[in-house]
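Engineer: Just dropping this structure here.
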């Protein structure tokens, strides 16, 4: 019934339209005709023209005999573009004659002008002879494929939201050669390939493979040796010696008596007694800052104050606090 109504409606529309071109293509052509005001044609030879814009400097080549334009609109759509309409009007011809035949009235009648055969009701249909069993037509079986059904189609590389492929050569992390990965590699381990996988910092890469010299006897403190847990040799930086700490403290505090120096707490000893600070994970809101204990903000500020050296006026005997007499008089006047 739907096809019958659509076919009859198409025939009625076709009888009421007297023109050669259908209404929608004709409105599209009228839009192109209205945009030809600033285009000027230049006749080259035969039916070839050069159409240029008066202001923006654009120009196109139009061939009315081949029905082509370098903007490719005429070839793709089949309707003359604004450049082709300018050249056709220069020749004094009608642009409707250059519209493709697929938009013509005759092609529309050939496509939608055929009738749909009417049918009788089911009770009047011919019945099969006796002894013949009618086979009920069923829909095809649905076969469920493996995996989760896809809800989005696979996008092309030039579409938005597609992950671009990584540029460069993929190399094996075992041997460092391109063309395969570590899962199928049968070569022995290469330390350089392992270093590339770990992405060592520049300082550690410079120190890798360089052995530290043994400590001298004048230092008096033995330096710990670096223990390599991985195949690559990663050497840790040696800590500062005890003599260097003493010299730094003497430069900072000057000639302070030994009794006062003894009362100053050792920051390193306090840090060793503190529990190890754990990394707070997402969702672990109940864990304190230090695993196993809770510290107040005032205590953390107090502990951080021991780590920062005291500098400025009054920090040593070489930088005493000086109060001028004029400052004292000014303070008494203010009171």
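Glycine is no exception: its Cβ is also placed from the backbone N, Cα and C atoms.
No curator has checked TrEMBL annotations; they are predicted automatically.
Pulled these features from TrEMBL for this protein:
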type	residues	note
DOMAIN	60-92	domain 'SWIM-type'
DOMAIN	171-186	domain 'CCHC-type'
REGION	181-247	region 'Disordered'
COMPBIAS	217-247	compositional bias 'Polar residues'
COMPBIAS	275-284	compositional bias 'Basic residues'
REGION	275-335	region 'Disordered'
COMPBIAS	305-321	compositional bias 'Polar residues'
Engineer: Mind tallying the compositional bias 'Polar residues' (305-321) by DSSP state, helix then strand then coil?
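Structural biologist: The compositional bias 'Polar residues' (305-321) comes out at 3 helix, 2 strand, 12 coil.
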Engineer: Count the residues of the domain 'SWIM-type' (60-92) that DSSP assigns to helix (H, G, I), to strand (E, B) and to coil, and report the three numbers in that order.
Structural biologist: 14 helix, 6 strand, 13 coil
Engineer: Could you give me three numbers for the domain 'CCHC-type' (171-186), the DSSP helix, strand and coil residue counts?
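Structural biologist: Each residue of the domain 'CCHC-type' (171-186) counted once, the result is 0 helix, 2 strand, 14 coil.
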Engineer: Just to confirm my parser: what is the rounded mean pLDDT across the domain 'SWIM-type' (60-92)?
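Structural biologist: On average, pLDDT over the domain 'SWIM-type' (60-92) sits at 93.
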